[in-house]
Amino acid sequence: MNFSMLVVKTINELRSELNKIDDSSDVGLVPTMGALHQGHMSLLEKALSENKKVVVSIFVNPTQFNNTEDLEKYPKTLDNDVDLISSISKNIIVFAPAVAEIYHDKVKTKIYDFAGLDKVMEGEFRDNHFNGVGTIVETLFSLVKPKRAYFGEKDFQQLRIIQKLVEIQKIPVEIIGCEIVRENHGLAMSSRNERLSKTIRQNAAFIYETLKIAKYKFGMESVLKVKDWVAKQFDNSADFKLEYFEITDVETLTPAKNKNIDIKYRAFIAVYVEGVRLIDNIAIN
Ligand SMILES: Nc1ncnc2c1ncn2[C@@H]1O[C@H](COP(=O)(O)OP(=O)(O)OP(=O)(O)O)[C@@H](O)[C@H]1O
Ligand SMILES: CC(C)(CO)[C@@H](O)C(=O)[O-]
Ligand code: BAL
């Protein structure tokens, strides 16, 4: 562990560190669940370049998990995370609270009206997931009061939900979306990739390859045909199980039935492999 790096575990410590900042109106926040990789680091680099001070939170938030095994097996590597963070800058506060510090004796989830953004894809397959994400992100916003907050497009639906959250709760923070960072062969970087065997991690490039071909096909074929083609690729795979493949407009995330040239679409995918759930997405027009 790099002790020169500032790691705070309590809300009181966080407050006192924030109070020491000259310009507390110029703070960037990068919320994470830890097990950091280059995807997270790209968010951090962007935050460092745009803010006087950066807070990175590391908190595996129980209220957004609908699957206990997924929560229990979520990788926890705080020492490595702190080393990685301190290798790029010392100008970062790492906020790594325990569950009790955030939720006290009652782990409670707030219920939001996200105007339907939470009813499809991740929201459909992970019951109550986005209420859990909203609860923790709103809490972090109220504790840190950041000017800007950074979220990856790997979780594109989450990014849209956070934009809706700040709109409905009238939170004065600028939400910055950051591009997906990929492993060399194309798999989107994700903390959950650590749980894959070496061979399967290599073969998982198949997920992004499928998305890229789906994008190409979307230029020529109907939405239905593209969806059928994707489903077939997974019917033929022994290792990869498709949970969903969806094409939606980027604003409302409503699943598309037909194409409208005036609308921007994105394709989204969730796949199970070796008991691990991976997601990815791509802009397709
Ligand atoms: N490959 C990536 N490229 C860009 N941003 C990313 C990438 N992976 C994660 N992020 C972003 O980092 C932030 C924290 O994500 P999180 O800690 O859940 O990591 P993760 O790798 O997405 O983990 P997992 O998918 O296994 O939950 C989120 O805003 C997420 O979108
Ligand atoms: C935004 C977030 C840190 C909230 O727990 C989490 O959903 C994530 O890591 O994407
Ligand atoms: N990266 C999104 C958070 C989650 O999977 O719970």
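Just so you know, glycine gets a Cβ as well, placed from its N, Cα and C.
Fair warning: this is a prediction, and the values are worked out from it, not measured in the lab.
Pulled from TrEMBL:
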BINDING   33-40, 152-155, V181, 189-192  ATP binding site
ACT_SITE  H40  active site, proton donor
BINDING   Q64, Q158  (R)-pantoate binding site
BINDING   Q64  beta-alanine binding site
Comparing the Cα of S191 (ATP binding site) with the Cα atoms of the recorded positions H40, Q64, Q158, the shortest distance belongs to H40
Filtered by Cβ distance under 6 Å to ligand 2, the recorded positions M33, L36, H40, E153 reduce to M33
The rounded CA-CA distance in Å from M33 (ATP binding site) to H40 (active site, proton donor) is 10
Candidates G39, Q64, E153, V181, S191 (binding-site residues) with CB under 6 Å from ligand 3, in sequence order, are Q64
Listed in sequence order, the residues of the same chain lying six or more positions from Q158 ((R)-pantoate binding site) whose CB sits under 8 Å from its CB are E122, F130, V133, F151
Near ligand 1 by the Cβ criterion (under 6 Å), the binding-site residues from G39, Q64, S191 are G39, S191
Cβ neighbour count within 10 Å, max among the binding-site residues L36, V181, goes to L36
Students should find that the Cα atoms of V181 (ATP binding site) and Q64 ((R)-pantoate binding site) sit apart, in Å rounded to an integer, by 23
For the binding-site residues Q64, S191, the largest set of other C-beta atoms within 10 Å encircles the C-beta of Q64
